[in-house]
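Let me begin by presenting the structure, written as structure tokens, before commenting on it.
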Amino acid sequence: MVLKAPNMDLESGVNQNRVKKESWRTILTLAYQSLGVVYGDLSTSPLYVYKSTFAEDITHSESNEEIYGVLSFVFWTLTLVPLLKYVFIVLKADDNGEGGTFALYSLLCRHAKVNSLPSCQLADEELSSYKKDIIISPAPTTFGATLKSTLERYRVLQRFLLVLALIGACMVIGDGILTPALSVFSAVSGIELAMGKEHHKYVEVPLTCVILIALFALQHYGTHRVGFLFAPVVVTWLMCISAIGVYNIVQWDRHVYRALSPYYMYKFLKKTQTGGWMSLGGILLCITGSEAMFADLGHFSQLSIQIAFTFMVYPSLILAYMGQAAYLSQHHVIENESYRIGFYVSVPEKLRLPILVIAILAAVVGSQAIITGTFSIIKQCSSLGCFPRVKIVNTSSKIHGQIYIPEINWTLMLLCLAVTIGFRDTKRMGNASGLAVITVMLVTTCLMSLVIVLCWRKSVLLALCFVIFFGTIEALYFSASLIKFLEGAWVPIVMAFTFMIVMCIWHYGSLKKYEFDVQNKVSVEWLLGLGPSLGIVRVRGIGLIHTELVSGIPAIFSHFVTNLPAFHQVLVFLCVKSVPVPHVKHEERFLVGHIGPREYRIYRCIVRYGYRDAHKDDSEFENDLVCSIAEFIRTGRTGLSVNGEDLRKDFEDLTVVGTPSTHISGVQLCEDEDVSAELVGTSERREILSPRVTKPKKRVRFVIPESPKIDRGAQEELRELMEAREAGIAYILGHSYVRAKQGSSLFKKIVINFGYDFLRRNSRPPTYTLSVPHASTLEVGMVYNV
């Protein structure tokens, strides 16, 4: 039975929704779908913006200057940040169709050598997706060339860029904790108008906690199972709030549109002064979720996201805020004084119950989107060596990017419940969420200014205009949020600081461990001195030695050879690594080469994944690995010369080999219950079969093309590889104990001996992505003195 080609959508991450020349029908369909995935958080902001803004700092007076000023601020903030900055500028800075903070960092890594990954190779720069956005290098006399050389020269600047990207990632994680709590609690708070003042406070928090627990408990099913409900819920919500907004405008204040003038912002600040500036932290909440437009770009097309926001989300939000302002302008004294300013008070009484239900559903959808985004950002951090390895479960075999991380899911749930129970009001939740949101936007603005110069080859003046204009707006909101440090804003700072420490410790420890591997790797001359048998008995089967080195022989191999009386007839040094691109194509996935002469039967295989690629399970991966080595043998690579100089020169020479799904005309692996043990020839293809053994459970064969002809040595090498595959694969893993070497500073000893060691013992092993079977695993320990 010929093995079926693997699911290309899952591994390669090629988004089927992204097409080169979309029809209008396709674009509009994607725009509709994006409403449920991208805009759930942004569309629920009317639930809490006015309530957070008027919490304490300012009051709603008879002159209406405050409410009109707030409306003017909301209108221009929505217009300048989500619409102008994200929709029309930042969305164009995609990384091969992907967006987000790490997409910008990845672009910078490819246009300037600032990448922090130690396992980078020159061969990675030949990837089609790596070079796609790089047209020409900037002229030596330009500012872009000067900036590029400065970044490449100073290590401290490279680390600063990495830290900046990690700060954005940490704040996204904090937003994944705060947004569900704020959105769901604000939606549930509508029961205040239906219950007595002394009773509703006993219902809001428990009901919010129940909804949040249910939300996180359902994450492992994947969003694709309930995704068909998302877009209709958000569309219904947007239509409801815009219709209520129009009703309130017509019913209460038809001239509220005058408040859209920037003059009302000036009047607002002139009257309220310090209180007005501090209230900007509440106004800031009107753009929560804007970053999702860029972060979720990979799931949709740029044009579909632009259409959805410009023609549906943006006008609906403006009408909703105008309607609330119109109602409040005519209602200065409300019966329920504790709920004086809010969303539900402006909803007609007969509609409050159905609107409450729709609001809760919309809040759940918005929370779902930010939770999924948190999973994605942690996966990217882990791929780039900046976060401990965690279990990543792909919840959809067709839609790339839909993942579930159990450890992170339950951590988010506990922290989210702690925030809800600890704060119990939208004011402090809003202060915390606002600071997280605006910090991510500031990071995006800074990275975007570098992209404009280094990647887009635009003038430095344009980059300065961008960073000064949008940076000033965001810095104003950032200062207003930071001043609320003791009133809730400390939460995202503490969370971000905690995650930042974890990321930095893991990144530092991983770098030191890799440097130790490089400094202590075994020389090729030592390997050649062992002879073809390596000085020991070679037994049937494939020995798969996992290493993080992309060149050289790891020191752990000498331990194996010294301590084990026998070794496998085929040895493969396997390195699974990430590269700073979102996706690596199937045909560029594997790099394969010989270590030593051909008769040694030792190979190096480097498997490259993008930071958004999904990894295969063990059976598919094993078959792809063996087929790629077989294809490498078939193409005629003869191994390394025995001449010392030629050997060192060619030792790093690897061949790019795709997976079986990309070279259908190449070697294919088949498994049969019983096959003939002779060489079979056909008019088009011939089969090399492994020798018959007594009652085999499964027989393995390679089906190879008839042309071109392969020499006898290659046939023998293929036959031996087949025998080894039939006997089975054993995973040989190194179990490292990392310790700071003698003479290290106290700080380094604490970081390595306690911090990194704790994270390493409580994270997944390096081979977790391969689903290594325990029955086929051999571990050998080794102490790393870094």
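Note that Cβ sites are derived from N, Cα and C of the backbone, with glycine treated the same way.
Lifted from TrEMBL, the feature list:
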{"type": "DOMAIN", "residues": "30-527", "note": "domain 'K+ potassium transporter integral membrane'"}
{"type": "TRANSMEM", "residues": "67-88", "note": "transmembrane segment"}
{"type": "TRANSMEM", "residues": "160-182", "note": "transmembrane segment"}
{"type": "TRANSMEM", "residues": "202-221", "note": "transmembrane segment"}
{"type": "TRANSMEM", "residues": "228-250", "note": "transmembrane segment"}
{"type": "TRANSMEM", "residues": "275-295", "note": "transmembrane segment"}
{"type": "TRANSMEM", "residues": "307-327", "note": "transmembrane segment"}
{"type": "TRANSMEM", "residues": "353-378", "note": "transmembrane segment"}
{"type": "TRANSMEM", "residues": "399-423", "note": "transmembrane segment"}
{"type": "TRANSMEM", "residues": "435-454", "note": "transmembrane segment"}
{"type": "TRANSMEM", "residues": "461-483", "note": "transmembrane segment"}
{"type": "TRANSMEM", "residues": "489-509", "note": "transmembrane segment"}
{"type": "DOMAIN", "residues": "541-785", "note": "domain 'K+ potassium transporter C-terminal'"}
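The transmembrane segment (228-250) makes contact with the transmembrane segment (307-327), as judged by at least three Cβ pairs under 8 Å among residues 6 or more apart in sequence. Per-residue pLDDT, averaged along the domain 'K+ potassium transporter C-terminal' (541-785), amounts to 72 for this model. Tallying C-beta pairs under 8 angstroms between the transmembrane segment (202-221) and each of 67-88, 160-182, 275-295, 435-454, 461-483 places 160-182 first. In this chain, the transmembrane segment (160-182) touches the transmembrane segment (353-378); three or more CB pairs sit within less than 8 A of each other, excluding pairs fewer than 6 residues apart. 160-182 is the stretch from 67-88, 160-182, 489-509 with the greatest number of Cβ pairs below 8 Å to the transmembrane segment (435-454). When Cβ-Cβ distances below 8 Å are used as the criterion, the transmembrane segment (67-88) is approached by residues 42, 49-50, 53-54, 60, 256, 258-265, 267-269, 271-272, 276, 279-280, 283-284, 286-287, 290-291, 293-294, 305-306, 309-310, 314, 317-318, 321-322, 325, 328-329, 441, 445, 470, 473-474, 477 of the same chain, each at least six residues removed from its ends. Proximity of distant same-chain residues to the transmembrane segment (489-509), defined by a Cβ-Cβ separation under 8 Å and at least 6 residues beyond the stretch ends, is recorded for 116, 162-163, 166-167, 169-171, 173-175, 177-178, 281, 381, 385-388, 415, 419, 431-436, 439, 481-483, 738, 751-752, 755-756, 759-760, 786.
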